[in-house]
Amino acid sequence: MISTKSKLDIEKLREGGKILATILGELKKAVAPGVKTSDLDTLAYRLIIKAGAKPAFLHYRPEGAKSDYPASLCVSINEEIVHGLPGKRVLKVGDLVTLDLGLEYKGLFTDMAITVGVGKIKVEDKKLLAVTAQALAVGIATAGPGKTTGDIGSAIEKFVKKQGFTIIKGLAGHGVGYAPHEEPYVPNYGHRGGGEKLIPGLVLALEPMVSTGSSAIKLLADDWTYITRDKSPNAHFEKTIVITETGVEILT
């Protein structure tokens, strides 16, 4: 069921979103060669608690998952797309690292992700990051009252294809607010006018995931980490937004 959020809800989401964006900015600064992914997760947890919030992903079990997620932060590297598990792995120069973090503040949830390069990265990888970030901006610019989820997906896919990259399929954006994942499902591809109509008060997490190769995905044996089937590098950027009477407000 699709739910809209009240003015009070949106104010709380605005506060939580600001905290989340600040924390993710601190995590981005901490990405460097030699850093363990578990250290990033520890830092994320500490910053969230210090801010008076709660990690949204820790012990969260999405629909269809076999177990609770064991960390606060998702850290996905290179061919990994989403839900990478923090652990003993050490970041190295040239890696592409996606930091995906959800936060609960005053009972409401926001979600955000960025992909960053570790040290010096390939020219093509720099373009991949730029195009994916721009694809998110295109999606946000397309959203608004009276538009549809299909309008967003169509605009994102058209932009990404024009730049010579591929939209990853099987993973998508979603509603957010009362829970980490809500309806509607917001694919990063589709047809104009298709899908669900956007109305004021609807809160969405838009998150294009873009590959240099295949659009196909594969779930690893850990039952959490999704990778590109051809192991091609990818990027992932996400922001939480709310549909307003006149357009869109970015909450994170």
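The first residue you see is number 1, and the count goes up from there.
In case you wondered, yes, glycine gets a Cβ from its N, Cα and C as well.
What TrEMBL records for His83, His181 is substrate binding site. Residues or ranges marked as divalent metal cation 1 binding site by TrEMBL: Asp100, Asp111, Glu238. Taken from TrEMBL, the feature divalent metal cation 2 binding site covers Asp111, His174, Glu207, Glu238. If you look up TrEMBL, you'll see 11-245 marked as domain 'Peptidase M24'.
Here the features listed in TrEMBL are placed on the structure.
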{"residue": "His83", "record": "substrate binding site", "Cβ neighbours (10 Å)": "23"}
{"residue": "Asp100", "record": "divalent metal cation 1 binding site", "Cβ neighbours (10 Å)": "23"}
{"residue": "Asp111", "record": "divalent metal cation 1 binding site", "Cβ neighbours (10 Å)": "28"}
{"residue": "His174", "record": "divalent metal cation 2 binding site", "Cβ neighbours (10 Å)": "22"}
{"residue": "His181", "record": "substrate binding site", "Cβ neighbours (10 Å)": "17"}
{"residue": "Glu207", "record": "divalent metal cation 2 binding site", "Cβ neighbours (10 Å)": "26"}
{"residue": "Glu238", "record": "divalent metal cation 1 binding site", "Cβ neighbours (10 Å)": "25"}
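Each residue contributes its Cα atom, and for Glu238 (divalent metal cation 1 binding site) and His174 (divalent metal cation 2 binding site) those atoms are 11 Å apart.
Inclusion criterion for the binding-site residues His83, His174, His181: a C-alpha placed within 10 angstroms of the C-alpha of Asp100 (divalent metal cation 1 binding site); this criterion is met by His83.
Cα of His174 (divalent metal cation 2 binding site) to Cα of His181 (substrate binding site): a span of 6 Å. Separation of the C-alpha atoms of Asp111 (divalent metal cation 1 binding site) and His83 (substrate binding site): 13 Å, rounded to the nearest whole number. Taking the mean position of the Cβ atoms of Asp100, Asp111, Glu238 as the divalent metal cation 1 site, the remaining same-chain residues with a Cβ inside 8 Å of that point are Cys74, Leu101, Gly102, Met112, Ala113, Ala205, Glu207, His236, Thr240. A coil conformation is recorded for His83 (substrate binding site) in the three-state DSSP classification, outside any helix or strand. Under the DSSP three-state reduction, His181 (substrate binding site) is assigned to coil, being neither helix nor strand.
A separation of roughly 14 Å, to the nearest angstrom, links the Cα atoms of His83 (substrate binding site) and Glu207 (divalent metal cation 2 binding site).
His181 (substrate binding site) and Glu207 (divalent metal cation 2 binding site) are 13 Å apart (CA-CA, integer value). The divalent metal cation 2 site is defined by Asp111, His174, Glu207, Glu238, and by the 8 Å test on Cβ atoms against their centroid, the other residues of the chain that qualify are Asp100, Met112, Ala113, Gly173, Val176, Leu204, Ala205, Leu206, Lys239, Thr240. Note on the domain 'Peptidase M24' (11-245): its mean pLDDT in the predicted model is 98.
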